[in-house]
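As recorded in TrEMBL:
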type	residues	note
BINDING	Ser128, Gly129, Ser130, Leu131, Asp149, Asp195	S-adenosyl-L-methionine binding site
Amino acid sequence: MVSQNSDKMEIVEKRNSNFMYNEELIQDGDEVVVYMSYGELKSLKIKSGESFNMRFGHIRHSDLIGIPFGSRVQATAGFVYILRPIPALWTRCLPRRTQILYTPDIGAILMYLDLKPGSIVCESGTGSGSLSHQLANAIAPTGHLYTHDIDNVRITKVIDEFETHGFKNITTAVARNVCEVGFVIENNADAVFLDLPAPWEAIPWAKKALSKERGGRIVSFSPCIEQVIKSCETLRKEGFVQVETIEIIPKTMKSVELFNDNLEAFDKRINIFTDSVERIIPCIKANNHLNDKGKKRNFDGSVIMDSEEKESSHCSNVNFSSTTKTVISFPHSQPTHTGYLTHATLLPYF
């Protein structure tokens, strides 16, 4: 791109928006998140001339170029929102190569690792890169993430994603079995995260990776309690302190309003009809149909009352129309077990 002023020609390099650099308007080559509903998101790379098909119809990529991020866009059979990609949204729409960690667990992991801009962190078990992006975002722009996985294909794909999302300069992804040969750095890391079938085998290597002068934190994710028991034993054996295991089970609550008759009306009903509960029904029906629309009438226009309405006429002196409003909450979704988070501290030693 060339910018011209009165004195000189200035060449300005075109940059695409990513997790580290933001533009206001969507450009050709940007990656965006298409928000269709709360549980339905899709990552999309903008390429002029192509189109995106979904259950709301299709959208031409050219229609998205030049509009602001966050815009509501009309498709052929509905509308969607075009959002700027961030790590939290990427977790919900990334290509799944393995099981991934979700935001509730990720939030606890970032806290227990005590990450901040400039931290050096090692990760073993890259997988689909869900946590990797969150770790890189937490330590940016001056920190560094070393992520390890035994699968070359997964490493190749996550390297491409790091480059697309602007994390290339602060990440190093390697195919390596840390349980056998350890991490790529020693005596330099501030934090280590393990997501392995046998994390206790990698704990001695994690101790070597952590800085002796600064100490550091370690967090291990394990689905089974047997893994937790062996990991805790190894952590204490290697000199880690403050060993603790937690389980994150989020529970989504839904609040609704219930409308009930007030206590005055309820009390009068009970006092009037103590001999027969069935006689309450005509009173309820009479007050639930307060208008005369659709009823039979005499020649003079007066409403003809049926037997139930005649029986319930003595209820007219009771105010049943007033109601009370009660708000109750109940679980909206069934919480499930994901895994246990075991965290510990390595104190500085020389």
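Placement of Cβ uses the backbone N, Cα and C atoms for every residue, glycine included.
Unlike curated entries, TrEMBL annotations are predicted automatically.
This view paints the features noted in TrEMBL onto the structure.
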{"residue": "Ser128", "record": "S-adenosyl-L-methionine binding site", "Cβ neighbours (10 Å)": "21"}
{"residue": "Gly129", "record": "S-adenosyl-L-methionine binding site", "Cβ neighbours (10 Å)": "32"}
{"residue": "Ser130", "record": "S-adenosyl-L-methionine binding site", "Cβ neighbours (10 Å)": "23"}
{"residue": "Leu131", "record": "S-adenosyl-L-methionine binding site", "Cβ neighbours (10 Å)": "26"}
{"residue": "Asp149", "record": "S-adenosyl-L-methionine binding site", "Cβ neighbours (10 Å)": "25"}
{"residue": "Asp195", "record": "S-adenosyl-L-methionine binding site", "Cβ neighbours (10 Å)": "23"}
Ser128 (S-adenosyl-L-methionine binding site): secondary structure state under DSSP, collapsed to three categories: coil
Site extent for S-adenosyl-L-methionine (largest Cα pair distance over Ser128, Gly129, Ser130, Leu131, Asp149, Asp195, Å): 13
S-adenosyl-L-methionine site, defined by Ser128, Gly129, Ser130, Leu131, Asp149, Asp195: further same-chain residues with Cβ within 8 Å of the Cβ centre: Thr98, Ile100, Leu101, Glu123, Gly125, Thr126, Gly127, Ser132, Thr147, Val158
